[in-house]
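Listed in Swiss-Prot:
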- Arg85, Gly110, Glu133, Ser164, Asn186: S-adenosyl-L-methionine binding site (BINDING)
- 194-217: region 'Disordered' (REGION)
Amino acid sequence: MVRNKKNKYAMHPRNILRVPPDYTKLAIKYRDFRQVCELELTGKVSVNFRNEKTLRELSKMLLKEYFELDVDFAPGSLVPTLALRLNYILWLEDMLLPLNLETVRGIDVGCGSSCIYSLLGAKKNGWNMLALESKEENIDYARENVRRNNLEDLIEVYAQPDKSNIFKSYFETEKLRKEFHFCLCNPPFFDSNSPNPFGGNTRNPQRRPAPNNVRTGSAEELTCEGGEVHFVQRIIEESQLNKQRVLIFTSMLGVKASVPKILDYLKERQITNVTTTEFHQGHTTRWAVAWSHQPTPLSPGTQCN
């Protein structure tokens, strides 16, 4: 069956960025964004997605325009693309909807300097978020982003004392025995042990064009021992020790070949309540997997097409 090319790379149906922003109007409205834009001969404003400074101002502007969030990023840190992060949040909304929860508590594993997932979850949905981060500079920026948006009542940024642990450090020190409804994670994609960690290709160039965006982020944010597969395997292992603390465990994956490896790892551990999805935004595709140790089947959510 041939898929409709028009919809092949479409975003989640509720993603506000399915309708492309009018960069010309936004450049008039936001001075800092205007200063990094390019003016075409037609008078239209264009955005150079391969320029890191431009991407930073674009992300900051879109967060302000669509969610009234005032966000800054640590120098050299990962610049989050809003469309992708929204796709992830919307997928979580879909899975949580059947539960009819009055209060939602989530964990953001590795929130980075932007703390974008926690900010979006809190601002958009009123979720209570625990943001875990191990890098000191990122922790400082994340806490400042929470403070400047007056979301301290909904978001706690927790400094991970040991980055080799996922939930362990927090759960061992947290006395209230809080239960969480989900965790999310954007793991380091690349294997730090590889001789060329950034040389891998996450796409099939014969079937899909290259992503437009320049790669951003520090080595610590982009690489870890064993890459994303090993990182998510650690989440799976810790999830088995915390079956009652988190209802739905999820993680994004940047490489399609990682998906069957994670599914096999879950199967080996007899975890069968599993669902997957794809996030499409422009020429970039990401994958995600969710699993639960509870008997209620996971909702697959709305697919991005």
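Each Cβ is built from the backbone N, Cα and C atoms, and glycine gets one as well.
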Using DSSP reduced to three states, classify Asn186 (S-adenosyl-L-methionine binding site) as helix, strand or coil. coil
Among Arg85, Gly110, Glu133, Ser164, Asn186, the record's S-adenosyl-L-methionine binders - longest CA distance, Å: 24
If I restrict to non-local contacts, at least six residues apart, and a C-beta distance under 8 angstroms, what lies near Glu133 (S-adenosyl-L-methionine binding site) in its own chain? Gly110, Cys111, Gly112, Cys115, Ile139, Ala142, Val157, Tyr158, Ala159, Gln160
Least surrounded among the binding-site residues, given as Arg85, Gly110, Ser164, Asn186, when other CB atoms within 10 Å are counted: Ser164
Gly110 (S-adenosyl-L-methionine binding site) falls, by three-state DSSP, under coil
Assigned conformation of Glu133 (S-adenosyl-L-methionine binding site) - DSSP reduced to three states: strand
